[in-house]
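Enquirer: What TrEMBL records for this protein is below:
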- 43-294: domain 'G-protein coupled receptors family 1 profile' (DOMAIN)
- 27-52: transmembrane segment (TRANSMEM)
- 64-91: transmembrane segment (TRANSMEM)
- 103-122: transmembrane segment (TRANSMEM)
- 134-156: transmembrane segment (TRANSMEM)
- 202-227: transmembrane segment (TRANSMEM)
- 239-257: transmembrane segment (TRANSMEM)
- 277-296: transmembrane segment (TRANSMEM)
């Protein structure tokens, strides 16, 4: 748990900021922010619950979707305490240890989401380009192995970065641009030369997210080439239609991430309020939109959710009848 105080300065921590220059409107800003967090928590929980309970969804495509929902849920929970603490209680101060833990979790789940999107791209590649080999290659065990590889990859690359940062001394009492701890924002306030840590963070993001994005783009080049060989236009649309949700998820994740990273590392003159808005979009938009997109565009998920609500509504009259008896 994060430890907050309502003080205005600290020698061993940082001061969080919701939206710099808009502190007088924090209460009003908290209303849409709370609505977005509610949608993210309920939507991803619903996706997870439906996939776990519905046996017809126990397939590789939906296993990867459940991983995406779990990562989005964890990412939402990671930033929720500090964001609401700043907006509701003006609890701006956070200790250095808590800040490092939150920073590690934010970046770990962010890298995890990127890797899960790669796994989902591989799933679409196999389903469209090699449909006869799909059931042979992507078994339940292979889906589990892919999930473990994704997790181990993140630990190997991100944990050394946190160990290195734990030995770095920071200038306490500095005001961050976000209501959560973000590496490019924190590293500006080190006593040592920030370029070393900044370079390592940039390298890590380019290596992990960059290779993931290249793999996704390469997968869709192969998918598009295969789709163009299909003679029937209706079958072409059907094949591409199975990729729409994933393309939306990739766009919603990578566009804000790249924009935020560039605004912090390359465009130092970017106003702090713009950086704060981009950061909140980057961390809130994917968890909010992913369950909405997959619920609306995926027929199996949509039917499972409808069946769940129908079961609950039909169960209530039966429970009332039992109580009367």
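Using N, Cα and C of the backbone, Cβ positions are placed for all residues, glycine too.
TrEMBL annotations: computationally assigned, not manually curated.
Each of the listed features needs to be described in terms of its position in the shown structure.
Expert: Sequence-distant contacts of the transmembrane segment (64-91) (same chain, at least 6 residues past either end, Cβ-Cβ under 8 Å): 1-2, 4-6, 16-18, 26-27, 29-30, 33-34, 37, 40-41, 44-45, 47-48, 51-52, 102, 105-106, 109-110, 112-113, 116-117, 119-120, 123, 143, 146-147, 150, 179-181, 249, 280, 283-284, 286-287, 290-291, 294, 298, 301.
Away from its own ends, the transmembrane segment (202-227) comes close to residues 111, 114-115, 117-118, 121-122, 124-125, 128-129, 153, 157-158, 161, 236, 239-240, 243, 247, 250, 254, 257, 261, 265 of its chain (Cβ-Cβ under 8 Å, at least six residues beyond either end).
Same-chain residues lying 6+ beyond the ends of the transmembrane segment (239-257) with a Cβ under 8 Å from its Cβ atoms: 68, 110, 113-114, 117, 120-121, 124, 127-128, 209, 213, 216, 220, 223, 226-227, 230, 278, 281-282, 285-286, 289-290, 293-294, 297-298.
Residues 19, 33, 36-37, 39-40, 43-44, 46-47, 65, 68-69, 72-73, 75-76, 79, 83, 106, 110, 113, 177-180, 182, 245, 248-249, 252-253, 256-257, 259-260, 263, 302, 305 of the same chain lie 6 or more positions beyond the ends of the transmembrane segment (277-296) yet place their CB under 8 Å from a CB of it.
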Enquirer: Grab the pLDDT values for the domain 'G-protein coupled receptors family 1 profile' (43-294) and give me their mean, rounded.
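Expert: Computed over the domain 'G-protein coupled receptors family 1 profile' (43-294), the mean pLDDT is 88 on the 0 to 100 scale.
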